[in-house]
């Protein structure tokens, strides 16, 4: 619905110079316009806290929410009528504030929050106004609403409310200061507002008053009809008159009130800037004047960049502020962190008025000596004010500095003189002015370049012409790299500058430090216009220090247009550099197809030219992988089988670098597939050695010979494995020639034993070895669940003891073909083992290599398990069970012999015999025959002797075959077992033969023998299919315990010695040895040790 509101205010605001655009967050501070120099950072980043609030819930920074705003757009889509143009101020900087609109019809959406009425009676207006937030009231200057709102707040909460910050971290006093609402500010401060409150950038309200300059204008009321139409254009006398605030206006300003309320006048924001900085930057003369009048104001306050208010005023072209600061006595030659003085800032911006102000202040303070000092000041890059003025093209400032006797022949950083900078900027007026004032035209910078070099580099023709008209121009001066102005102009392709220099007599034969001429440099940088300007002189075939001529460099870099120009002007197509390479070599090497075509058109025979390494252009194209160039050369007669100094063909070159497309082009052009170089290396070998699987696949597809070996006996698969090229090895294994590739044997350099690709794969590439295992298994293509399903296993590469893959006519290494198995899958009669050393045969077997290399996955592969099962079923189990049966007889008879034979102490107890026990037993046996040896013991004695002797002979044979490899714990146990058994059963006395009496030492040896015999039987079981795993587990556990026992025994010794020290009066610990034994059995849980070992030493009477 439409309602009538009291007259609201609106403002048509033109943004002030130096102030943010209200629709953007553009920083207010201008950056210095230095060129080729590190830009000085802006004094502060975007002030979101000061700009964003202006946009929050408002469309204009001067219009309070809910006011009627008149939008005037000239470049936008809105088309204002003539009356709207009549309202625009005549000055760009004018503001027209508070244009009252008496009547406004608006909908609910235009009514501020809190004012949407259910009943828009006058009594409820105040209630609605009281609900307007305090920040909005402070911003719009709505004192009545603010006052009503504050009345509703309890006194205890009043100070907290007036100092509350909104989402932009801004207090109401900031808004009042920003929009200069004095009555609102006074009310807020009376209610306890903090005059030094800070926003998120640490700006205080006093910063706001200094930053946002407010210019007043008289109110111009405009009557609007009900349709909000603008009235006709008023007369000239009725136009709003702009006037600057007077001192009386200031006495009524927020700034004055804040200062009187003890606001800190030198307070700094986050970037170290005081209110005076902002006043100087924004040209706020009234605030600046008031601040400068205060006794405690700091004129030399520095922000975090070291800039003072005078720097700000000079940087932002604030002439009046600058004058005020100088009158207040600020330092004239102060420097910021980059050693910039106010004069530096002024000359950078090019404001001649401020420069004059600074000079006048210097003259008034210190006469010409002070002015000279100002002009001699240098920043951190050693720039004087004159340097900055010249660099930024500020002619009037340059002229003024020169009038003040600035030194124009002093260098800055990198020895850049003002004349260098003017030449670089292309400011011909400044150049002439500097020369008129006595600048030397032959000065040099750190690169030894003169201003003429720089003007020629940037193609400033007017400046070049000016320098050339001077007496003795530096036309042949050289920089540190030997470049003359002509060479510089040729390098950058400036044809007009080249013509100027040549007309003046520049040396067209000049060369730089690498003997490059102007023609060469123009070709090198692809500057055909410059090249055309230089063709009047015969330098087209002059080369550099490496004998590269212009055609070489154009062909190498692929500058087709330049190359055509050179060829059209009779450049030597067959010229060679110091490496004997023609332009065609370089073009082919760098893949410049179009250049190659043009060169072949010019000289068709150049296709087979050779360089110093006998490389043809086709070799170089193949080495670099340029298939299109290779195809073009082949089309034009290049020899596809040509060999270079290493006896490589182009196919070798492509294979070595892995260029598949190029290799295919060469093969399709009938290149030989298996050419061999001096070391019998083929392209397939090179591809495998360097890991180019795609090339290997291509060559194998073209029937490359996988069995071919190089001079060291390695075939392609060997090279792939030795160089750890898994992809290549996989490619070969998956090819149709995989069996031929695996049939090769070489000598392992590390071990000196025979090795094969299969062994190498097991050690280095188990995944590829598994792929080989899979290819060694073939089925009959039936369903695995079918009753006729069958799988054939190929054990040729896994069990290759009888394989003879040595190349015919060679020694023990080589590559052969064919299988050692016949059609019946059995070894042929001519098959021979590769060695007679059984130890090496066992150690070097692929299965043993899997064990030593810990390839559990391969050991569990069906091919391996099938081979083991085949060997076991074929002959392994027969020999094993026979040996097991023969050996098991031995412990059986030994056990029976021990059981049937009486121990020695029995005879001593029954006969009371001593040292002559054997004689007494024989005498007693003669008398009553009670001590005859049992029949089983008599027979078993000879069985034990026979078996022990047989096993010892076997062990001797193993010693002969295995030699040092025979040594081991299991063999030692067997020797001790058999020898002790023999000593046990041999009769050393006559009485022993009849009675079977054994001496004490024999009986002890028998105990050892019987124990070890059964241990040996346990070790026999480890090869038993069902029980062997448990034996292996026991051995591993025992081995672990033995390793741990080294530490465990130290604990035993520690406890044993402690017990021995304390308990020597006890029988178990009477000696160190007894204490050790007792402690050991105590730690393993033995409780009957004393009754067995110590009771015999106790006195029966005790």
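Each Cβ is built from the backbone N, Cα and C atoms, and glycine gets one as well.
Any TrEMBL annotation is an automated prediction that lacks curation.
What TrEMBL records for 1-83 is region 'Disordered'.
What TrEMBL lists as compositional bias 'Basic residues' is 29-41.
The compositional bias 'Polar residues' annotation in TrEMBL covers 42-79.
DSSP places the residues of the repeat 'ANK' (168-200) in helix, strand and coil in these numbers: 16 helix, 0 strand, 17 coil. TrEMBL lists 168-200 (among others) with the feature repeat 'ANK'.
What TrEMBL lists as repeat 'ANK' is 271-304 (among others). Across the repeat 'ANK' (271-304), the prediction's mean pLDDT works out to 94.
For 305-337 (among others), the entry in TrEMBL reads repeat 'ANK'. Only residues 6 or more beyond the boundaries of the repeat 'ANK' (305-337), in the same chain, are considered here, and those with a CB under 8 A from a CB of the stretch are 18, 29-30, 32, 40-41, 43, 271-272, 274, 276-277, 279-285, 288-289, 292, 299, 343, 345-346, 348-349, 351, 353-354, 357-358, 361-362, 365, 370, 373-374, 377, 379.
Here TrEMBL flags 381-413 (among others) as repeat 'ANK'.
The repeat 'ANK' annotation in TrEMBL covers 414-446 (among others).
DSSP places the residues of the repeat 'ANK' (447-469) in helix, strand and coil in these numbers: 15 helix, 0 strand, 8 coil. What TrEMBL records for 447-469 (among others) is repeat 'ANK'.
The feature repeat 'ANK' is assigned by TrEMBL to 481-513 (among others).
Among the features that TrEMBL reports, repeat 'ANK' is placed at 546-578 (among others). Long-range Cβ contacts of the repeat 'ANK' (546-578) within its own chain (Cβ-Cβ under 8 Å, at least 6 residues beyond either end) map to 514, 519-520, 522-524, 526-528, 531-532, 535, 540, 584, 586-587, 589-592, 594-595, 598-599, 602-603, 606, 609, 611.
Among the features that TrEMBL reports, repeat 'ANK' is placed at 579-612 (among others). Within the chain carrying the repeat 'ANK' (579-612), a Cβ under 8 angstroms from the stretch's Cβ atoms is held by residues 551-552, 554-560, 563-564, 567, 573, 618, 620-621, 623-624, 626, 628-629, 632-633, 636-639, 642, 644, all 6 or more beyond its ends.
With helix defined as DSSP H, G or I and strand as E or B, the repeat 'ANK' (613-645) counts 17 helix, 0 strand, 16 coil. Feature annotation from TrEMBL assigns repeat 'ANK' to 613-645 (among others).
As annotated by TrEMBL, repeat 'ANK' applies to 679-711 (among others).
The domain 'Ion transport' feature in TrEMBL is assigned to 938-1095.
Positions annotated as transmembrane segment by TrEMBL: 1041-1063. Distant neighbours of the transmembrane segment (1041-1063): 1069, 1071-1072, 1075-1076, 1078-1080, 1083; these residues of the same chain sit at least 6 beyond its ends, with a Cβ under 8 Å from one of its Cβ atoms.
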Task: Cβ contacts under 8 Å made by the repeat 'ANK' (679-711) with residues that lie 6+ beyond its boundaries - done: 649, 651-652, 654-660, 663-664, 667, 673, 717, 719-720, 723, 725, 727-728, 730-732, 735-737, 740-741, 743-744, 807, 814-817
Task: Intrachain neighbours beyond the repeat 'ANK' (613-645), with Cβ under 8 angstroms and 6 or more residues off its ends - done: 582, 584-585, 587-593, 596-597, 600, 604, 606-607, 651, 653-654, 656-659, 661-666, 669-672, 675
Open item on the list: Within the same chain, where does the repeat 'ANK' (447-469) have neighbours whose Cβ lies under 8 angstroms from its own Cβ atoms, ignoring anything closer than 6 residues to its ends? I mean 6 or more beyond.
Closed with: 414, 417, 419-420, 422-424, 426, 428, 431-432, 435, 441, 475, 477-481, 483, 485-486, 488-489, 492, 494, 496-497, 500-501, 504
